[in-house]
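Visitor: The following feature annotations were taken from Swiss-Prot:
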- CYS302, CYS305, CYS308, CYS396: [4Fe-4S] cluster 1 binding site (BINDING)
- CYS312, CYS386, CYS389, CYS392: [4Fe-4S] cluster 2 binding site (BINDING)
- 293-324: domain '4Fe-4S ferredoxin-type 1' (DOMAIN)
- 375-405: domain '4Fe-4S ferredoxin-type 2' (DOMAIN)
- 25-45: transmembrane segment (TRANSMEM)
- 87-107: transmembrane segment (TRANSMEM)
- 125-145: transmembrane segment (TRANSMEM)
- 164-184: transmembrane segment (TRANSMEM)
- 207-227: transmembrane segment (TRANSMEM)
- 236-256: transmembrane segment (TRANSMEM)
Amino acid sequence: MIFGFHPLEGGYDVPMRVVGANIPYEWLIYVIMLIPVSVFLFGFWKKLEVWLLAKGEIHRNDKIAQRIWSWFVFSFAQARVIRKPLAGWMHAFLFWGFLVLFLAAGIDAMHNMISWPHLEGNFYIGFSWVVDVLGFLALIGVMVLGFVRYFQKPERLNDTKSSDGWIILLIFAILLTGYFIEGLRIAAQIKLSTTMQQIAYERAASPFGWMFASFFGSMSVDAMLMWHRLLWWFHMAIAFLFIALVPFTKLWHIFASMLNYTFRDLEPSANRMVYNIEEAETFGVENIEDFGWKDLLDLDSCIRCGRCQENCPAYNTGKHLNPKITLIQNMKAHLDAKAPYLLAAKASGAEVEEMAMTEEAAAEEVNPMEQSLLYDVVGSETIWDCTNCRACMEHCPMFIEHIPKIVEMRRNLVMWQGDMPGEAQMAFTNMERNYNPWGVGWAGRAGWLDERGVREMVNLLPEDGKEFEYLLYAGCAVSFDDRYKRVGEALVRLLNKAGVSFGYLGTEEYCCGDSARRLGNEYLYQTLVSQNLESFNNYGVKKIIVVCPHGYTALKNEYPQMGGNYEVYHYTEILAKLVAEGKLKPSKPLGVKMTYHDSCFLGRHNGVYDQPRNVLKAAGGQVIEIEKAKEFGFCCGAGGGRMWLEEEAVLKDGIQYKRINDTRTDQLLVPNPEMIVTNCPFCLTMIADGVKAAEAEESTKVFDVAEVLWKAME
């Protein structure tokens, strides 16, 4: 931010960039800079070596234009980071300020080597002003972030390390010394200036540098120049230290985040496909190196910001799972400890197992080569605690992919180790024998039509075989859960009233397989999908209405992996469309105060938030938005196959936690609603149980969106 003046005709002075003023042997800086740059490149190569150890296949070389745009939006615009108002914006200020200062330093270097006539006059004043202001915002940002971490101490930052403090101090020192240098230069310039115009240029170009200059006004010019030189070299030394430390500290996230933004999963929310499963020699992930390169990059990208932890329903109800610590950070520590032995085995051609017997490994306090990823590092409790709600992935500013890692480890536990909760084994058996996790005889799958008195409204394809526009995929809950059969009835009546042409497969419909897949039984999942695809294709299905959000996610996002490409809609999307088109006109607005629970699989997994709300408002519902709604919604506890697993209330660290569904129900009951409305059979079951546990059954009823709309139609 140093500029001088040269006289022009007419006596005017024009500001211009003067680099290296008052700095003898300034050229040495370019030689010294080779040291930190070399250290940085060495560190980057060591990171790359570790990522290349990955055995799993992850392909992220498609949609190049979209990836470049993602890199820009989330890296430079900080779109995901600023979701958290205070910390997010302070981080954005720090990033933008550092970025502009880095670019300015690069321009300085270029200006010093080649003539750059544009860095003078009004353009240069504007350039200097932008650098000065954004640099000061960065200084504010780092101070606020330090205050939050060390004085406010939010729970999400409960694993602060000593290195975090040193990094904050280093960044603070770089920024502060930069302004001291600028202030000293301006203070000296003021004393040496002969015109008010020159002083006016200084004030306009560097408002905060001018502020710092006021601190040094009483010093002599010689003292100013001496301190300017000393601080300049100190500033460059700590800046070079910063560069050298990047690959070896959490500063690495500056570059790792850019890679993660570029190579993030651009496909709709879906689990990873296992191709040629019958030929596979192993299933899932047993060792850290079995993951894909993007998974290992994820581990290096985590900055321990705690947003995943803050939003995780399992963590917030006292479970073993902490997506930040017991999952990502434990895996990262394990990878860091194991990588040297894996690299040595790769270099020598030795078997990985042999490295466990080396003297170096044996001398470790905990031999990383003998640690089990599933049992010692992550822990089976952590693996089974996850509800797949996607809150961690939704709020992670680095786009770390937590759920795929959990599911891969479950696959190994289930399909390779044969180690799973007994309730999961029972659900698998039920799905294998009767094609539904309830275990009710498959022959009665269409029985709900007669039970609810809507048989004549349904085109039962195996019997009627009429032409239809949509296939109604009712799912297991409508078929076998007594409470949810009423939802199926309401939906059928609404579709008929609107004149929608639809067919239903009855006993030729099978479980969607979502629970099987998310519990780790990929083979069973693919078997169920194959059976459904055969039925769909036999009847020429093109469009599908799905009742359950879990089935909706499977059919829409995951069935295409096996060739099942259809137009898939959740029923709330169809109802919202019918209401908007005037084909469903509620005649008896309810006028009821209600809270709405966002299903994780309809909301975070698929981005469907507004359509269910529009239906409820059309029905005359007074929808009260609670704090944890939409992207910030709290899981009911049944996702990820946990509908079929027992959950106990946890006593931990002297705190008695409630179950996930009870915790969520308490949130929904805060506004004292007359109704709690869901869009999912699992959610309805869990919230209804929560209302019962809260002894609020008399004052608050639990309904599904379809039921609410039908009530307003009757």
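Every residue, even glycine, has its Cβ placed from backbone N, Cα and C.
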Visitor: Using a Cβ cut-off under 8 Å, which residues of the same chain at least 6 positions beyond either end of the transmembrane segment (164-184) come close to it?
Guide: 1-2, 94, 97-98, 101, 132, 135-136, 138-139, 142-143, 145-146, 149-150, 206, 208-216, 224-225, 227-228, 231-232, 234-235, 238-239, 241-242, 245, 249-251
Visitor: Validating a neighbour-count step here. Other CB atoms within 10 A of the CB of CYS389 ([4Fe-4S] cluster 2 binding site): how many?
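Guide: By my count, 29.
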Visitor: Run the contact check on the transmembrane segment (25-45) against the transmembrane segment (207-227): 3 or more C-beta pairs under 8 Å, excluding pairs closer than 6 in sequence.
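Guide: Between the transmembrane segment (207-227) and the transmembrane segment (25-45), which are separate recorded stretches, there is no contact, as judged by 3 or more close Cβ pairs.
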Visitor: What is the total of other Cβ atoms whose distance to the Cβ of CYS396 ([4Fe-4S] cluster 1 binding site) is within 10 Å?
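Guide: CYS396 ([4Fe-4S] cluster 1 binding site): 24 neighbouring Cβ atoms within 10 Å.
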Visitor: Is it possible to list how many residues within the domain '4Fe-4S ferredoxin-type 1' (293-324) are helical, extended or coil according to DSSP?
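Guide: The counts are 19 helix, 0 strand, 13 coil.
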Visitor: Could you check which of the binding-site residues CYS312, CYS386, CYS389 is the closest Cα neighbour of CYS305 ([4Fe-4S] cluster 1 binding site)?
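Guide: Result for CYS305 ([4Fe-4S] cluster 1 binding site): the nearest of the binding-site residues is CYS312.
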Visitor: Using a Cβ distance cut-off of under 8 Å, indicate which of 87-107, 125-145, 236-256 has the most pairs with the transmembrane segment (207-227).
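Guide: By Cβ pairs under 8 Å, 125-145 leads among 87-107, 125-145, 236-256.
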Visitor: Could you give the Cα-Cα distance between CYS396 ([4Fe-4S] cluster 1 binding site) and CYS386 ([4Fe-4S] cluster 2 binding site), in whole Å?
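Guide: The separation of the Cα atoms works out to 16 Å.
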Visitor: Do any residues at least six apart in sequence from CYS386 ([4Fe-4S] cluster 2 binding site), in the same chain, have a Cβ closer than 8 Å to its Cβ, and if so which, in order?
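Guide: In sequence order, the residues whose Cβ lies under 8 Å from that of CYS386 ([4Fe-4S] cluster 2 binding site) (at least 6 apart) are ALA314, LEU321, HIS402, ILE403, ILE406, GLY640.
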Visitor: List the same-chain residues at least 6 positions away in sequence whose Cβ sits under 8 Å from the Cβ of CYS308 ([4Fe-4S] cluster 1 binding site), in sequence order, or say none.
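Guide: Listed in sequence order, they are PRO323, LYS324, ILE328, ALA391, CYS392, MET393, HIS395, CYS396, ILE400, HIS402.
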Visitor: In the structure shown, which of the binding-site residues CYS305, CYS392 has the fewest Cβ neighbours within 10 Å?
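Guide: Each of the binding-site residues CYS305, CYS392 was scored by Cβ atoms within 10 Å; lowest is CYS305.
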Visitor: Look up CYS392 ([4Fe-4S] cluster 2 binding site) in the DSSP assignment and reduce it to helix, strand or coil.
Guide: helix
